[in-house]
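Going by Swiss-Prot, these are the annotated features:
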{"type": "BINDING", "residues": "Gly395, Ala396, Ser397, Gly398, Ser399, Gly400, Lys401, Ser402", "note": "ATP 1 binding site"}
{"type": "BINDING", "residues": "Gly1033, Thr1034, Ser1035, Gly1036, Cys1037, Gly1038, Lys1039, Ser1040", "note": "ATP 2 binding site"}
{"type": "DOMAIN", "residues": "33-323", "note": "domain 'ABC transmembrane type-1 1'"}
{"type": "DOMAIN", "residues": "360-596", "note": "domain 'ABC transporter 1'"}
{"type": "DOMAIN", "residues": "676-964", "note": "domain 'ABC transmembrane type-1 2'"}
{"type": "DOMAIN", "residues": "998-1236", "note": "domain 'ABC transporter 2'"}
{"type": "CARBOHYD", "residues": "Asn48", "note": "N-linked glycosylation site"}
{"type": "CARBOHYD", "residues": "Asn571", "note": "N-linked glycosylation site"}
{"type": "CARBOHYD", "residues": "Asn632", "note": "N-linked glycosylation site"}
{"type": "CARBOHYD", "residues": "Asn648", "note": "N-linked glycosylation site"}
{"type": "CARBOHYD", "residues": "Asn773", "note": "N-linked glycosylation site"}
{"type": "CARBOHYD", "residues": "Asn855", "note": "N-linked glycosylation site"}
{"type": "CARBOHYD", "residues": "Asn1187", "note": "N-linked glycosylation site"}
{"type": "TRANSMEM", "residues": "24-44", "note": "transmembrane segment"}
{"type": "TRANSMEM", "residues": "82-102", "note": "transmembrane segment"}
{"type": "TRANSMEM", "residues": "157-177", "note": "transmembrane segment"}
{"type": "TRANSMEM", "residues": "183-203", "note": "transmembrane segment"}
{"type": "TRANSMEM", "residues": "263-283", "note": "transmembrane segment"}
{"type": "TRANSMEM", "residues": "297-317", "note": "transmembrane segment"}
{"type": "TRANSMEM", "residues": "686-706", "note": "transmembrane segment"}
{"type": "TRANSMEM", "residues": "716-736", "note": "transmembrane segment"}
{"type": "TRANSMEM", "residues": "797-815", "note": "transmembrane segment"}
{"type": "TRANSMEM", "residues": "821-838", "note": "transmembrane segment"}
{"type": "TRANSMEM", "residues": "899-919", "note": "transmembrane segment"}
{"type": "TRANSMEM", "residues": "933-953", "note": "transmembrane segment"}
Amino acid sequence: MRSQAKTETVSSKSSRNTHVIFRFADWIDIVLMVLGSVGAIGDGMSTNVSLVFVSRIMNTLGYSQHNPSSTNFKEEIQKCSLYFVYLGLAILGVAFMEGYCWSKTSERQVMKIRRTYLEAVLRQEVSFFDSDISTSEIIHTISTDTSLIQQLLSEKVPIFLMHISVFITGLVFSAYFSWRLTVVAIPTLVLLLIPGLIYGKYLVHLSKKSFKEYTKANSIVEQALSSIKTILSFTAETQIIKKYSEVLERHKKLGLKQGLAKGLAVGSSGISFTIWAFLAWYGSRLVMHKQETGGRIYAAGISFVLGGISLGTALTEIRYFSEASVAAARICSRIDRISEIDGEDTKKGFIPGEKMKGRVEFERVTLVYLSRPETIILKDFTLTVDVGQSVALMGASGSGKSTVIALLQRFYDPCEGFVRIDGFDIKTLQLKWMRQHIGVVSQDHALFGTSIMENLMFGKNKASMDEVISAAKAANAHGFITQLPNGYDTHIGNRGALLSGGQKQRIAIARAIIRNPVILLLDEATSALDGESETLIQNALDQVAAGRTTLVVAHKLSTVRGANIIAMLENGSVRELGSHEDLMTKNNHYAKLVKLQRQFGHEHQQDLQDRVNSPEIQQRWSTMNSVIRLSNRSSPDLIVSPITLESNHTTKINENIPSTSFTRLLPFVSPEWKSSLVGCISATTFGAIQPVYALSIGGMISAFFAKSSQEMQDKIHIYSLIFISLTFLSITLNLLQHYSFAKMGERLMQRLRLKMLEKIFTFEPAWFDVEENFTSEICSRLNNEVSIVKSLVADRISLLVQTISGVTIAMIIGLLISWKLALVMIAVQPLSILCFYTKKVLLSKISNNYAYAQNRSSQIASEAIYNHKIVTSLGSTKKIIEIFDNAQYEAKRKGRKAAWLAGFGMGSAQCLTFLTWALDFWYGGVLVQKGEISAGDVFKTFFVLVSTGKVIAEAGSMTSDLAKGTAAISSVFNILDRPSSHENTNHGEKMGTIQGRIELKNIDFSYPNRPSILVLRDFSLDIKPGTSIGLVGTSGCGKSTVIALIQRFYDVEIGCVKIDSENLRDINIKWYRKHTALVSQEPVVYSGSIQDNIILGRPEATEDEVVEAAKAANAHDFISAMEKGYKTECGERGVQLSGGQKQRIAIARAFLRSPIILLLDEVTSSLDSNSEQEVQDALARIMASRNMTTVVVAHRLNTLKNLDCIALIVDGTVIETGSYDHLKNIGGQFSRLAHAHDLKS
């Protein structure tokens, strides 16, 4: 609420303070803006100045048509034509100034804004990110808000100034040509302004609602595709498609309203025709009774009408000023905010004379987070850590362990009490100096999307290569780094995505080591790793911690038992304090926690430590081969590091996308053939309005030069009626045109999206493993590419039909009136077309390239904000800004090119317009002088053809849209035409009943996108119906792959998977999956209610069945305790629920299906002890209640003790099978593994 109130305040202030947009302009920018404004004003004036010469030519032609051979006639025509040449050259300069100066200053100012904003935000205290702002808001500001400002400065400001110039000079010149006409016409301005403003505002309102509605649809798809295996496993495809279809239906209705609004908005511009009817009538009166000239009446009228239209356009641009003002005010409010704890401020605090020793004291500390003032995090917390001593912090979630780590880094200041280092209150120390002596390794590795070298140098900015290598060796990282393609210069992807978890953690450790810290802070540094990888990493940490003051936060006993002191925290206070042996002797809270953890196999015994320290393992450290295999095989999707794969030249799936004909869309469009026909007829007819209007203008002007007043009146009456008719036709035809094409386009878009999603759900999961088929890419295709297809079929075809009609009719009329003049005008139009095309298309292309170049710097900013705690801890703000500046260099280079092209494009387009006018009028005068045509013919031909060049250029600029549309159609049909091994989900045998026997016979398997890496080798396993089996082995041995094959997420080519002796490939896949259920390590919970999540895949379930499933999953009690019970919203991806709650909901979902085959994949690996026990109890209850075949994957062996059978897998092969007791007693590999995991009752 507070943040919202601030935003509203900022918005209200910004509406009154537009100058805030220009706050970062220096003197160079001011000069550029002044010159750009002069250019824009000059550009706007040029049209009205040209009318001075147009009126003179018209009067010369009109009044001299009975004596065209006079010398004065020829001289006047030549003189006015020459004036047009001069005006064209002048406008070349001012338009270039307009385009170049505003483009250049926008690029300069926005780059300064982005840099200053990012630096200011990174200097804020951590609590600022907790309560005042979200990460997404900052990223939105850096990308979207700054883009709004850039768009305003580069496009909207010059356009606004130009249109205001046209309006003001239009009124001035209109009064100059005929003040009487101007005074009478002023009230009609209202007719030009109000309709467009009202409909335009309503159109914007509908656009926002439409965007919001599709965001909901996109969220449904994004959540479903990001957990595609869960959707397929629970056969929930139909449910997702139904929800998606309902939202798309609402989106379609809004699209139809947009079509109507657009028709009204465009059609209302036809009101200008009615104004011309009035001006023609009143102007004829002035010619007859006030001795006004026809040329000046036309010039006065066109100046007034153009001025009114320009004012309406300028007023619509004001909303961009408002939006940019709000964005700029929002940015400046963050820049101006003074950080309460600024780690970059070297003026505050002092640096002690002696080197830091590392004694840490917490004295009666009380802390409350500003974001949760009602909750006390630490209360009367007291703890002392002597120099070189290691202290472990243990306790339940929320007890304050990580808060202690945060306080020592001075992320927060305590409400009461003191935090001291070497006896000094840390509030009095220079913060940058203090943090330089602290090293941090957390569970979240917090790496950046740059090279390994730069990531390590975040720890010490000026570190030498020797220091970097030394730190990497100390962290056991040097071996795998040197095996990467580019060694230390290897780029590791967004947030280190191209490295495994173990590799990332070791780089984070090296980054801490390179600082040579006096105090080392380890916050859950190994919690997300498997057993053996954890021990190897822990070994590196133990070596690093030696001789340093160390604080360790962990919930695993194996991590903390070697600490000098263990502090047991509860409710923000130290409940117990002492060594491991002392606390075990007391037999209190710590001892109970140890016993609970031993029950679930968290503690590693000393023999495992000995094994890690053995020569064999140390040799593995040096070569890193086995470590890479272990750390990278933590899931089926990461068998080896993608970087390693790249160096091995592994073939990547690449589907060539052939060009697709537009005719492929006909079946999707054909249901709306009536709407298409009405739209095309309306567009064709409306296209004819422009040349008819131009012809009428030419006729009106010639009528002003009629021989008699009666003849003038008769002709003006006819043209006035034509103008009025054109107004009603314009509104009617635009309504029909835009609504019909909107109806066709919206329904086409709805059909394509539904068909694509239905098709995507038939694809095998291997398809989703390829980078170009990641969730974000698929969502982009459904959103952007289908929208492009819709725009192509509806908007672009509508405009194309309208343009072809208008240009064709204009050329025919021109040729019929004066074929010689028409041919000359048509002949020079390619130049005009080329300039307008260059201006529109090239600028658009450069703008897109510039935006693309900005994306790199935005990505750096995004990572910095996402990892703001580690940036703060490392004091790396300047390093981030340095990388950010380097990333902006490419954008700066492209921006410079865009500025020159903007200036050249605008200048040449405007210049050639006036040069062609000069030629047209000169040649028209020549023809009139020769007596081949009349003055009226010149007027009519000129006005009919003068605008066709611009119209053709506008249509020609669609070539890029057509190319995009063709590519989009190809992309869409690439999905729709793609064959899938699972496409016909109703194909295959539906067995009468399923017993649950599973046979995997002689299987050799590799993932489709990694064909050279064998995951399973001659793998065989026979699982009897109704039995339970556990799959055991190190990370990457193939356990989860077996689960995937049983679900038929992948097909095997060598060997086979059988269910009840039937080949799984011959069984109806949808029917089969309805008899299975999967619960994985990461519980998938979707936005929606708890009940919606439980009934996923079985929507027909009754409320009693849902409650029964929840009770069986040990979830009913916590659900009932919530205010809305089963109707409680889970939030996106279940953010409102804890890990244990989400896991129990996932179990309830599985139980509701009454599965014959239950698959459990690392269900409890990421849970704390209490949550693990609750989930284990639920699983035990379910497995005991029904006769089902259960396959369990786990690395905590104690969870498998009660299973019927255990299979030990090594390198993709089953090497031992049997019961737990049998395998433990035979003295094989399982026995050694069991002892290593301390499996004692």
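The backbone N, Cα and C atoms fix where each Cβ goes, and this holds for glycine too.
Sequence features, as recorded in Swiss-Prot, placed on the structure.
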| residue | record | Cβ neighbours (10 Å) |
| --- | --- | --- |
| Ala396 | ATP 1 binding site | 17 |
| Gly400 | ATP 1 binding site | 25 |
| Lys401 | ATP 1 binding site | 24 |
| Asn773 | N-linked glycosylation site | 19 |
| Thr1034 | ATP 2 binding site | 19 |
| Gly1036 | ATP 2 binding site | 26 |
| Gly1038 | ATP 2 binding site | 27 |
| Lys1039 | ATP 2 binding site | 25 |
| Ser1040 | ATP 2 binding site | 23 |
| Asn1187 | N-linked glycosylation site | 12 |
Problem set entry | For Gly1033 (ATP 2 binding site), the number of other Cβ atoms found within 10 Å of its own Cβ | 23
Exercise. Hey, which bits of the same chain come close to the transmembrane segment (933-953), Cβ under 8 Å, at least six residues off its ends?
Worked result: 58, 61-62, 64-65, 690-691, 694-695, 697-699, 701-702, 705, 803, 806-807, 810-811, 813-814, 817-818, 820-822, 825-826, 829, 832-837, 840, 916-917, 920-921, 924-925, 927
Exercise. Which bits of the chain, at least 6 residues beyond where the transmembrane segment (686-706) starts or stops, bring a Cβ under 8 A of a Cβ in it?
Worked result: 58, 62-63, 65, 270, 273, 276, 280, 283-284, 287, 293-295, 297-298, 712, 715-716, 719, 722-723, 726, 729-730, 733-734, 737, 801-807, 809-810, 813, 934-936, 939-944, 946-947, 951
For this session: Output, ordered by sequence, the same-chain residues six or more apart from Asn571 (N-linked glycosylation site) with a CB under 8 Å from its CB, or 'none'.
Result: Lys379, Ser399, Gly400
Seminar exercise, completed: Most Cβ neighbours within 10 Å, among the recorded positions Asn48, Ser399, Ser402, goes to Asn48
Exercise. Between the recorded positions Gly395, Ala396, Lys401, Asn773, Asn1187, which lies closest to Gly1038 (ATP 2 binding site), Cα to Cα?
Worked result: Asn773
Exercise. With an 8 Å cut-off on Cβ pairs and a sequence gap of 6 or more, do the transmembrane segment (82-102) and the transmembrane segment (716-736) reach 3 or more such pairs?
Worked result: no
Exercise. When you check the transmembrane segment (716-736) against the transmembrane segment (263-283), do you get at least 3 Cβ pairs under 8 Å, counting only pairs 6 or more apart in sequence?
Worked result: yes
Problem set entry | Count of other CB atoms lying within 10 Å of the CB belonging to Gly395 (ATP 1 binding site) | 23
For this session: Could you tell me whether the transmembrane segment (263-283) and the transmembrane segment (157-177) have 3+ CB pairs under 8 A, leaving out pairs under 6 positions apart?
Result: no
For this session: Tell me whether Thr1034 (ATP 2 binding site) sits in a helix, a strand or coil according to DSSP.
Result: coil
Exercise. What Cα-Cα separation, expressed in whole Å, is found between Ser1040 (ATP 2 binding site) and Asn773 (N-linked glycosylation site)?
Worked result: 22
Problem set entry | Same-chain residue ranges lying at least 6 outside the transmembrane segment (183-203) that approach it to Cβ under 8 Å | 174-175, 258, 261-262, 264-265, 268-269, 271-272, 274-275, 278-279, 282, 301, 304-305, 308-309, 311-312, 315-316
Seminar exercise, completed: If you count the other CB atoms within 10 A of the CB of Cys1037 (ATP 2 binding site), including all protein chains displayed, you should get 24
For this session: Work out how many Å separate Gly1033 (ATP 2 binding site) and Asn1187 (N-linked glycosylation site) at their Cα atoms, rounded off.
Result: 26
Problem set entry | Nearest-integer angstrom distance between the alpha carbons (Cα) of Asn773 (N-linked glycosylation site) and Thr1034 (ATP 2 binding site) | 29
Exercise. In terms of Cα spacing, which of the recorded positions Asn48, Thr1034, Gly1036, Cys1037, Lys1039, Asn1187 are within 10 angstroms of Gly395 (ATP 1 binding site)?
Worked result: none
Seminar exercise, completed: Quick note, Lys1039 (ATP 2 binding site) and Ala396 (ATP 1 binding site): C-alpha atoms separated, nearest Å, by 31
